[in-house]
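Here is what TrEMBL records for this protein:
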| type | residues | note |
| --- | --- | --- |
| TRANSMEM | A:12-33 | transmembrane segment |
| TRANSMEM | A:39-60 | transmembrane segment |
| TRANSMEM | A:81-104 | transmembrane segment |
| TRANSMEM | A:116-133 | transmembrane segment |
| TRANSMEM | A:140-162 | transmembrane segment |
| TRANSMEM | A:188-206 | transmembrane segment |
| TRANSMEM | A:218-238 | transmembrane segment |
| TRANSMEM | A:267-292 | transmembrane segment |
| TRANSMEM | A:304-319 | transmembrane segment |
| TRANSMEM | A:331-353 | transmembrane segment |
Amino acid sequence: MNSHTITHRQLFFLVVQTQIGVGVLSLPFSLFTKAKIDGWISLIIAGLLIQFSILAIWKLCDRFPQNTIYEILPKIMGKNLGLVFNFIYTMHFAFISILILIMYNSIVGKWILFETPHWVIIFIMAAAGYYFITSSPREIVRFFVLVTPLLLILFVFILYAYTDVHFLYLFPVGQAGILTIIKSSSDAVVALLGFDVALVFLAYTTGTPAKKIKVISFASFCITVLYAFIVFTTYIYFNPEEIVIVPEPVLYMLKAFSFSIIERTDLIFLSVWIISVATSFISYLFITAKGVQTLFKLKDHQKGAPYVAIFCAMIAIIPNEKLEVLIWNKYISLTSLIFSAMFPIVLLLIAMLRKKQEKGAASS
Amino acid sequence: MTFFKKPKKLIQEKEAPIQQDSPQEDNSKDNESVTVQKLSLDEMLTKVKEPFSATEDLLTHEIELPSDKSRIALLYIESIVDKQLVQSMILNPLFVTDKEINFASFKQMASIDLKKHTEIKQVQELLLQSNTLIFTEDTSCFYAMSTPVKTQRDITEPDNETIIRGAHEGFIENLSMNLALVRKRLKTPRLTVKYLQVGKETHTTIALLYVDNICDPEHVKEVDKRIKSIEADAVYTPGNIEESIEDKPFSFFPQMLSTERPDRVAANLMEGRVALIYDTSPTAHVMPVNFFSFYQSVDDYNKRWHIGSFFRFVRIMGFFIAMGLPAVYIAIVSFHFEVIPFGLILLIKSSLEDIPYPPLFEALLMELTIELIREASIRLPTRIGSTIAIVGGLVIGDAVVKAGLVSNLMIIVVAITAIAAYIVPSNEMSAAVRILRFPFMVAAATLGFLGIVFGFLILIFHLCRLYTFGSPYFAPIAPLNLADLKDAFIRAPFWKQNTRPKDVTAQKVDNANHTRKWDKS
């Protein structure tokens, strides 16, 4: 375990890289369908809400230092119930991995490779994911830190939109009504998922608890700001009537830019975006493999890794039609909302009520 | 014949240290001086050898003079001393001539070469300057005679690592000389040499070098352990050793820096790394190294730092160009035509229109041709080599386009790629880059940009998870260490290079580069 630890600074990059994923492209559209032009406000509210989940996750892991969620669950719920919940969480993380694969596949199939069979696109990602998760968290995180500067490229591309924006599109602010805005923030929470990997990775993190909560919270804050910026930009770039017909506003926006050396900016953007998707996928695949390790009592997670990768790829191939993808998206989003954002709070309450706590942990 | 007989006597003397008491008894008149000095010859020798820590090339010969039975001791660093010279200048005069000779008369005989010293402090310096030191029972002073080793072949600049400015010396096929070349640059007693022998039959000698008070002892232990574990009848080349002790034998990347430049080895030793120098081979290995070690050239440090930084950056760019350019070209022309700006489309289209086969095949054809030309020109003498260059480069390049087999653009891409691959200062890394572009080309031809992205993902992660002798290969960017970036992508000025790289876990991190103190006032 010692050689597998990560520092709290690395945890920051881990959370950032996991949070930025498939959501970034379609988020403006999905928010618009619910909250109209006030989607960006929903996003900010969602950003605030997830801070509570983060706090709960941190508090929970703080009670059981150096324990992953899979070790915590049996401790607070008893052996049998713990096993059941371990299974549920493993499946939950597996299905987030699958959702990432599905969404990645649908975007790549739509924008980059139209003719390539879907299973090829999915399997290449799964294979890469497998290669990554055979190593330790430390090396994975080192890689995440390394690719983080690429986010700047995404940022700069989007910044270019400000050559042609109309702030008037935003007004009147709050036209959707406060209730709708708050309701639609649940959609935004799904896009901001990624902080939940802390449930496993906090166990590997060194540093004081105060530092840990700061970095996770700050990472989520940064991503909320970045997403809000992206959503905001697309809303002032496109006419409200246009957004309804562009499911990936960011890409449509970039497609319109052309520089003297690159004609289709969106293809470059997508190439960089794939790396962000891969990092999210790797994080989730890793914690899935950790879950499998606990369930089957394997010596290390590498043993289960190939099966996890193949399982995710196989399931991800199933949805074929666009409508099916939407349905899968809807249901997995719902479960992730429950298990990643809400359930940690419940778990923390149970742990507090039953006064379950590891001996080493500082009493709260 | 006497020349051969006498050394036997020397051995006899060495083998029988028990007889040492008798000369001490004999020298009753010297007893007073011993009490004054409070140091016997043996104690003196131990004291003198102390600063050299454990280096094994520091040798001592104790001799009993036949005339007055007094003991003298010769002390020298084997690697930088010509033993024949020691024999002919010191031992032969002492033994060969008539039995009456004692040290006093020898001193008179050899007075030009023999210098008397009294300061013990000078011992280190004299030894490191290839002197043979003579200690007598009178420990108040000692004598030094310069006995430098003669070169075997001319020390020339290695052809595969030429530089513009800086020392033009390279290792040769003689271990002692190679050690001398390093020692010449690091005149510190802490430079430690450890001889290792591998190969049951060949007994190939390897010298393990490290700077005692800088290098992490763990690295030394690890290298030592790995080399000692080699069991083979014959170990012929440094390549054999390299393959036996590297961490990941299936990686394309070289995990030890091979160099023929003593200045490169010396600089790396002072950074806290370990070096292996081989007998009968001009190649030295440095470990643990990181990816960027292969992109550092001695030239960078002799240029102005802006220029050095610029060329360092160009080299790192060269890594990506050499690996990715053909792949990107293939991906663009076969998948993503839309990326090309409007003005270029007609140009590219007209160039590609008449080519009968896919871009991948076109690229493979040209890349392989370049590798053929390269391989042929290595095997041939320089004069015929230039013929190959003309035939290969000009004739084939021109004819292949005119014949309509390969497009003009592909020739340009392949040429840039070839040049980019050769700007790496390390031959091994250059070879790794050249090999790796083939999988990238295949990936680009099958999946376009997606293939390239995944190719790079896996490549970069491979570098991230690669360790050499316990230190991360892709340091200082994974794990990120901002301070160490000063010698990775750029070459910061000398007065900024005041810490050793963190990934080598040197004992002393601060290297005391405060060279512009005069500027502060």
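The backbone N, Cα and C atoms fix where each Cβ goes, glycine too.
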Pairs 6 or more apart in sequence, C-beta under 8 angstroms, 3 or more of them: is that satisfied by the transmembrane segment (A:188-206) and the transmembrane segment (A:39-60)? yes
The transmembrane segment (A:267-292) in contact with the transmembrane segment (A:331-353), cutoff 8 A, at least 3 CB pairs, sep 6+: no
Could you tell me whether the transmembrane segment (A:116-133) and the transmembrane segment (A:81-104) have 3+ CB pairs under 8 A, leaving out pairs under 6 positions apart? yes
Surrounding residues of the transmembrane segment (A:140-162) on its own chain - C-beta under 8 Å, 6+ positions past either end: 6, 10-11, 13-14, 16-17, 20, 24, 132-133, 226, 229-230, 233-234, 237, 250, 253-254, 257, 265, 268-269, 272-273, 275-276, 279, 282-283, 286
So which of A:12-33, A:116-133, A:304-319, A:331-353 is most in touch with the transmembrane segment (A:218-238), counting Cβ pairs under 8 Å? A:12-33
Beyond the flanks of the transmembrane segment (A:116-133) by at least 6 residues, Cβ under 8 Å: 97, 101, 104-105, 108-109, 140, 143, 277-278, 281-282, 285-286, 289, 301-302, 305-306, 308-310, 312-313, 316-317, 320
